[in-house]
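Colleague: The structure follows.
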Amino acid sequence: MPYIFNTRVLPQPRPAPSPTPGHPFMHGSSGNYRNTAISNRNAYLIDTQGKSFEELRTLCLSHDVLFEDPDFPAHNNSIYFSQNAPMQFQWMRPKDICENPQFIINGATRTDIRQGDLGDCWVLAAIACMTMNEELLARVIPAGQSFEENYAGIFHFQFWRFGEWVDVVVDDRLPTFNNQLVFVQSAERNEFWSALLEKAYAKVHGSYEALKGGNTTEAMEDFTGGVTEYFEMKNPPKDLYKIMVKATSRRSLMGCSIDDGMCWRCGVPAPDSIGLVRSKCDSCCDEEDHEHEGEHEGEHEGEHEGEHEGEQDHSHLHPPTQASGGSPLARGFPRTPFSALPDPFSPGPGASSAQGGDIKFDFPDGGGGGRNLTRDSSVSGPITPKIAMLTHAESRTPMGLVRNHAYSITGLDEVKHRSKIVQLVRLRNPWGHVEWIGPWSDASKEWNEITPSEKQRLQLISAEDGEFWISFQDFCRNFTKLEICNLSPDALADDRTNKWTVSVSEGRWVRGCSAGGCRNYPDTFWTNPQYRLQLYDEDDDPDDNELLCSFIVALMQKNRRKERRQGSTMLTIGFAIYEVTEELRGSREHLPKDFFLYNASRARCNSYINLREVTERFRLPPGEYVIVPSTFEAHQEGEFLLRVFAEKHNVSEEMDDIIGVVGGKKKKKSKKKKNKPIVFISDRTKKGQQQPESPDESEPEDGNEESNKLAEPENPKEPDLTPEDKQFKTIFKQLAGDDMEVGAADLHNILNKVITKHKDLKTSGFSLESCRTMVALMDTDLSGKLGYNDFKYLWDKLKFWQQIFRKYDSDKSGSMTSYEMRLAINEAGYQLNNQLYQIITLRHADENLNIGFDNFIACLIRLEAMFRAFKAFDKDGDGIIRLNVLEWLQLTMYA
């Protein structure tokens, strides 16, 4: 069941209402008022939390009130997030705007959409495509809504949001000026489904302003749950028209645009204004700036996936409107300054543009690897950045097309003209006017040579409605980007439609733990989340003799547009695919650093780019692979959704380590003598049991035993003391005194006298609290002190741990990075999963993600204590423990 999606946009402070006893509303809010930015003080706001649309509507009807949405109030904050409103908008209900308002008149069609004064042509182009599919439309716009029967001022729409369908409720108050809708409107003045749908989509993202500038693919996927492929018209596949026809048969959504390349520094058009452009133009750059530019242009010639362009934003150009149909802002009052807003999704460091754009990072030839990663034979150098076309103000071409603007593709067909077959593409401008004026346009001479029956079949309408035909040849010549949104398996119930199977995984990049960056960072790349992909069956294509599996990988970052209010921008993201080597097949554990140093990627996305989603199509043999999604730069945090679409069955799941204790440095097993098992402190007694000096002196008896199965302790006889042990025991007697025990204060004094002599550790010593934790860890009789055996065991542990610390403090800075901490913990004998590494990073790393010696020791002591406690409570060894309150408090308060 869909649930109510709550964006929690807080309303402005207002006097608290005084509800009538026994009723959740104040009577008297007849709904006949004209609501402005100031809410009606007689209306009681409904708590929408946990309530469905039906429940809310029934509640309103039962109390004879009109719904007012507390989560998306009729206030300027719902329009702007980066500035104050330049004027006072009036929020009006449709019945106050016109007579006889209707939700939908004669069906929802693409001609019902006319763009207002908001740069969301990318949304409207997707809506126009969606109206051509009744099943999709019915899912996004549920039935049973009108301004007559059961009208309560509340409407709802459904959107696909990162793996699930959500139900979004809104009231029907719309922003107006001079009694005209400010944003999208229908060709019929009294039809409001498109305006309310736009409002619901704005609510999902937090404000109307958040919809300024975007890619059609975002909205297409939010309306269908599908996955989008990109085709660059500069190097299209030879069978592109066939691909488009097949997409139509599969009822996919299609859009296109003309992206104009501009110099990010001065705004001057770069030499390659159509197609990939250089990052700067000659007018503002010296020769040195251009030294490496364009090195990789064309290196993927013949490949059509992955060259993504910038977002469309039409707010800088509003063409002349019809007397009855255009934006009210073009008919007698100043434009809302959305055009003056800085684009939060600008390229960021290294590139800037008044309107924003996309940075792409293309791989060099070969498998791609990291900086200085010469062991990967496929690597010729680090991943190098290349800036794609940066969006600029919309502008008309001499042939009537609009640059930096999204179009819907609403049809494909062929017609016989002068004994030749001409392939045609039908497009629609979401403005509702401004059309192509070249061959096959509404009034072109080519139509005079076509029979009336052909004109009727092609639904030719000579009207300025924004829809027009263009030849496929002119389409490829004038447009730069094609987007095709393939429907997901649950998008349609029509069995005749060829659909995809899909597997979905969610993940996070966490700074200092799993945000390892791309392969330019070999020391941290391996820490990124990893997902195992198993391809079982090859394609059924009878014309293809290769035993390959077709699949699409789609990596989507989550909530970045909604978080514009907090200053978030789109991260630059991408992914690589590695084939799992034979010895690692079947393992679900996180692949180590060495795997990526010595193995080339089998496939990868064509570009790292700052779009919401990066998508690529692949064909690989059946087998086991690992997908590694990442940001381009290391240490960048974000959430993501990873989807794998395939024509046949596939399995995708996250790889993560099993929590447990391992033997540290593994040694070759001796046939004569088995290695000692791991011994936990809780298994020791005060009877003189001798413990292994460090974890690398012991490992599980059976090397194939799962790492989380804890070995049973040995009970060896006390061995003869070595001269070194005798000397250590003598010293301990001198330090401990007559009772032969040391407390936390004694331990603090002893350790700091020793540790401060090691200047390379660059530590001021252990805190008294750390020493108390150490005592609690080793205190087997709850005396609060350590005897000789306990102290000796702790001393050996510390010696072993400081050796590990020195190994990973390679630069002798007195600290290691949080990524190196992961390796150090493994070498100390502990195997943790990603979630625990994130906790360790948050608890022990500083703001620069560095961990000093004292924090390193404190972390290992706590790990040892927690494993000891769990082992003590896990009596049957099944990995599950049950604690009462006393046991829980004893565990947490002392350990």
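Even glycines carry a Cβ here, placed using N, Cα and C.
What TrEMBL shows for this protein is this:
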type	residues	note
ACT_SITE	Cys121	active site
ACT_SITE	His405	active site
ACT_SITE	Asn429	active site
COMPBIAS	12-22	compositional bias 'Pro residues'
COMPBIAS	291-316	compositional bias 'Basic and acidic residues'
COMPBIAS	348-358	compositional bias 'Low complexity'
COMPBIAS	664-676	compositional bias 'Basic residues'
COMPBIAS	706-725	compositional bias 'Basic and acidic residues'
DOMAIN	796-831	domain 'EF-hand'
DOMAIN	861-895	domain 'EF-hand'
Colleague: If you count the other Cβ atoms within 10 Å of each Cβ, which of the active-site residues Cys121, His405, Asn429 comes out on top?
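Modeller: Of Cys121, His405, Asn429, the one with the most crowded Cβ is Cys121.
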Colleague: Express the distance between the Cα positions of Asn429 (active site) and Cys121 (active site) as a whole number of Å.
Modeller: 9
Colleague: Can you give me the Cα-Cα distance between Cys121 (active site) and His405 (active site) in Å, rounded to a whole number?
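Modeller: Checking the Cα atoms of Cys121 (active site) and His405 (active site) gives a distance of 7 Å.
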Colleague: Which residue counts does DSSP yield for the domain 'EF-hand' (861-895) in the helix, strand and coil classes, in that order?
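Modeller: Its residues divide into 23 helix, 0 strand, 12 coil.
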Colleague: Looking only at the domain 'EF-hand' (796-831), what is the model's average confidence as pLDDT?
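Modeller: Its mean pLDDT is 87.
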Colleague: Check the DSSP secondary structure of Asn429 (active site), expressed as helix, strand or coil.
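Modeller: The residue in question, Asn429 (active site), is coil (DSSP, three-state).
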Colleague: How do the residues of the domain 'EF-hand' (796-831) split into helix, strand and coil according to DSSP?
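Modeller: Its residues divide into 23 helix, 5 strand, 8 coil.
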Colleague: What does DSSP call Cys121 (active site) in the simple three-state scheme?
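Modeller: For Cys121 (active site) - judged by DSSP and reduced to three states - the answer is helix.
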